[in-house]
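Copied over from TrEMBL, here are the features:
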- 40-59: transmembrane segment (TRANSMEM)
- 71-104: transmembrane segment (TRANSMEM)
- 72-102: domain '4Fe-4S ferredoxin-type' (DOMAIN)
- 125-144: transmembrane segment (TRANSMEM)
- 150-170: transmembrane segment (TRANSMEM)
- 152-185: domain '4Fe-4S ferredoxin-type' (DOMAIN)
- 269-285: transmembrane segment (TRANSMEM)
- 305-325: transmembrane segment (TRANSMEM)
- 337-359: transmembrane segment (TRANSMEM)
- 396-420: transmembrane segment (TRANSMEM)
- 432-450: transmembrane segment (TRANSMEM)
Amino acid sequence: MIWWTKAMRSIISSEDNDRLDLFKVFPGFRRFLASRHHYAQLRTAGDLMFVLVLVSGFFGPAEARNNMAVFLTWGILWPIIVLSWFFVGRMWCGICPFPGLGLFLQRKGFTRSRPVPRFLKRYGVYLSVFLFALIIWVEIVGGLDNSPQGTSWLILTIVLGSAILGILYAGQAWCRHLCPLGRISGAAATLAITEFRANHERCAGCTTFACQRGGDGKRGCPVYLGAYAVKNNLHCLVCGHCIPNCDRDSPQFLLRNPYSELIKNKGRYITSNYIVPFLIASQLARFFRQKEVFHQFARFCRSEALGFTIILLLAYIIVLTGVRLGNRLLGHQEASLFGRFSPMVPILIPMAFSGELVYRMAYMANGLGDFVPTVGRQINWHFLEYFTFSIPDFPIQIMSAFLMLNSSIAACYILWRFCLEQFEGTIKLRHFIFINLLISTFLFAYIYVIF
């Protein structure tokens, strides 16, 4: 069987033995990850881009139409990150510029290298989810996606937060426990078509644990895992630090069925259980904000910020009610065999992250035609105004509807797999039908706000 037919089987099959190790198919990709100078070049490029955004945002024109920082961040960088979730999981986190200042200070010895406190390990997930919700709210209410200075302040705040934790604790404590973007990336990575895992047969007998601890002057895992401890896509940055440290050639980069992890975990991940309902609610509220009926409601509230906040809270309550109703119909919120989990959440994950892709794609399409002229206005190259173009709304709406329809089919597929495997014989037919109707309701809600 040739590699591409194996790849097709690995995507379709639900069996772990059918996963394809891409390191074997593309050994150059493994060498790229193992050669740290390649990653250093990518991180340097990312650092330079962040510096450009910060300088442009703080010292450039105050109007978004005259400053490249806004679209560079919200219209190019953020959509690329969201798209990468579906293919390479958290690999963006491996080259993310946010921890750059903290890593630089650590290399220069400006760190106390304390162990991460128990409080941060226990409550970091809740704090990071709160920070993510705050960023979404401030993005809309504060108009960050239309404010060069606001965008730069947001980036600088995250960089400083990462640097402070880098000074206090060893490794990348911010990335593992507090980063709001890392938290949503981890939740989205559970849907990725690839996974980074160790070959535990080769790990057997290892006593050095170099993939986690490092050795011979090489850094270990920045988020305290090591390849042998990676069991899901939530925390692994796919940064490649463990590859040159392992003398057993254990790390693998596997092509898989993108829904396999969602089906296996059945909603056990606390991160996803908190992020997914809020993410869906925020997308519905953000899209609804663009409709005329919202502006009428905002005038009634005498404040657009208050109007959006009310809509967001109502949407969150409705989505959370839908999730809890689905859990009750599935009948497995809590059981001694499985432990506490929320199986409705993995069912909705494809819709949640497809919705985020759709929202960011719409923003990118709306501003892409004016990006080059914006650069021209900022550097006084007025001839770049001739490169203005516009993308009609309707094709973007059709593509968005297609993506959401596809994600709803994926949700139904996960439900079907639950009925066949995880909860076989325990879900009643009427409950199965009602959950499918619930998925359809979410789909129609998306279609309504998109159009």
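For all residues, glycine too, the Cβ spot is worked out from N, Cα and C.
What TrEMBL says about a protein is an automatic prediction, not a curated fact.
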Stretch-averaged pLDDT - the domain '4Fe-4S ferredoxin-type' (152-185): 92
Residue distribution over DSSP helix, strand and coil in the domain '4Fe-4S ferredoxin-type' (72-102): 25 helix, 0 strand, 6 coil
For the domain '4Fe-4S ferredoxin-type' (152-185), distant same-chain residues with Cβ under 8 A (at least six beyond the ends): 50, 53-54, 56-58, 69, 73, 81, 85, 89-90, 92-93, 96-103, 105-106, 110-116, 120-121, 124-125, 127-129, 131-132, 134-135, 138, 144, 221-224, 235, 237, 271, 275, 279
Maximum Cβ pairs under 8 Å to the transmembrane segment (337-359) - stretch from the list 71-104, 396-420, 432-450: 396-420
Contact set, same chain, for the transmembrane segment (396-420): CB under 8 Å, 6 or more residues outside the stretch: 14, 259, 262-263, 266, 330, 343, 346-348, 350-351, 353-355, 357-358, 361-362, 365, 427, 432, 435-436, 439-440, 442-443, 446-447, 450-451
Structural state census, the domain '4Fe-4S ferredoxin-type' (152-185) (DSSP three-state): 29 helix, 1 strand, 4 coil
Residues from the same chain, set at least six apart from the ends of the transmembrane segment (432-450), whose C-beta lies under 8 A from its own: 280, 283-284, 287-288, 290-291, 322, 325-326, 329-330, 344, 347-348, 351, 355, 358, 362, 397, 400-401, 404-405, 408, 411-412, 415, 419
For the transmembrane segment (71-104), sequence-distant contacts whose Cβ falls under 8 Å of one of its Cβ atoms, 6 or more beyond its ends: 39, 42-43, 46-47, 49-50, 52-53, 56, 64, 144-145, 151, 155, 158-160, 162-167, 172, 174-175, 179, 181-182, 185-186, 188-189, 191-196, 222, 233, 235-240, 258, 353, 356-357, 360-361, 363-364, 367-368, 370-371, 374
